[in-house]
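Step one of this worksheet: look at the structure below.
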Amino acid sequence: MGCTLSAEDKAAVERSKMIDRNLREDGEKAAKEVKLLLLGAGESGKSTIVKQMKIIHEDGYSEDECKQYKVVVYSNTIQSIIAIIRAMGRLKIDFGEAARADDARQLFVLAGSAEEGVMTPELAGVIKRLWRDGGVQACFSRSREYQLNDSASYYLNDLDRISQSNYIPTQQDVLRTRVKTTGIVETHFTFKDLYFKMFDVGGQRSERKKWIHCFEGVTAIIFCVALSDYDLVLAEDEEMNRMHESMKLFDSICNNKWFTETSIILFLNKKDLFEEKIKRSPLTICYPEYTGSNTYEEAAAYIQCQFEDLNRRKDTKEIYTHFTCATDTKNVQFVFDAVTDVIIKNNLKECGLY
């Protein structure tokens, strides 16, 4: 006699099939979802990488979004010129022309309007005269001795354009803005049939305790290092060299037991600034034992080795290193394409398909 299923049994089989199908779909979805954690010390370029993802994968910033950055551009410009003027007092540098002392006093009186997104012709004139001054330029050339925004010269050299009443920030202006990241900023985008979730975590020391719950199930970590930080100290601790701080943090991330299976991608960032700086500021400031030349290639390769040598699992764990300029969209696009290929390859390995 043939075996027939009762209605109840049939329903159970259908339920089982549906569960299997859902599990398979969930598995496929999980395989296509990529969680990227952006880590690195403060001001290493993490937030700029996030902005680039919006430009490359999400059609960039709309005109309305760009307009909202106007106040940040003005604030960054004002903060930069004020930082230089204050440093002149500390470094005992005089103005090239005595009349600039009056401009400096005016700057502090007029600065408030820029914080509201307005750059008056009077304020723009004051900043232009100060920026052209020989003493101000001498102080700017010693910016490693105090804290100064990387984009200072970018904005100050372009005051004629950004002080126009009808000024709307460009994509590049937006990329150059500096706002301290607090907490966790999450960005989503699709690329090469993968769904990316990127988490940008505040880099300053006070923010690091908030990172912990981001770590679980992460596909890859992109660790950003500012190459140009080799001769700078931390904003939070003037005794600590920024590059040494980055190495300490990278060591703790790279060798963490939670990240045994996690791909570690190292972005040695701000290569453009490093290439300029290494000509006049020797690498021995950071690495006294360094005996190589102060050429970009040799000095950059030495820093790369310092970081890669921190990996205590060389036999089983590879560090994928890229030299980047986070403000250069084409460079970031090229590098991120290579990063995605590594992620796809590693995903296939886990599935036994590579």
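In case you wondered, yes, glycine gets a Cβ from its N, Cα and C as well.
Of the given residue ranges 153-160, 209-216, 265-272, Swiss-Prot assigns the label region 'G4 motif' to 265-272. In summary, of the candidate residues Gln147, Gln204, the record from Swiss-Prot lists deamidated glutamine for Gln204, whereas the others have no such entry there. Note on Swiss-Prot: of 35-48, 49-62, 133-146, 301-314, the range annotated with the feature region 'G1 motif' is 35-48.
Range annotated as region 'G5 motif' by Swiss-Prot, chosen from 120-125, 162-167, 324-329: 324-329. Across the region 'G2 motif' (173-181), the model assigns an average pLDDT of 92. For the region 'G5 motif' (324-329), same-chain residues at least 6 beyond its ends with a Cβ under 8 Å from one of its own Cβ atoms are 45, 48-49, 52, 55-56, 171-172, 175-176, 224, 267-272, 335. In sequence order, the binding-site residues near Cys325 (GDP binding site) (Cα within 10 Å of its Cα) are Asp272, drawn from Ser151, Arg178, Asp272.
For the binding-site residues shown (Lys46, Arg176, Arg178, Lys270), fewest C-beta neighbours within 10 angstroms: Arg178.
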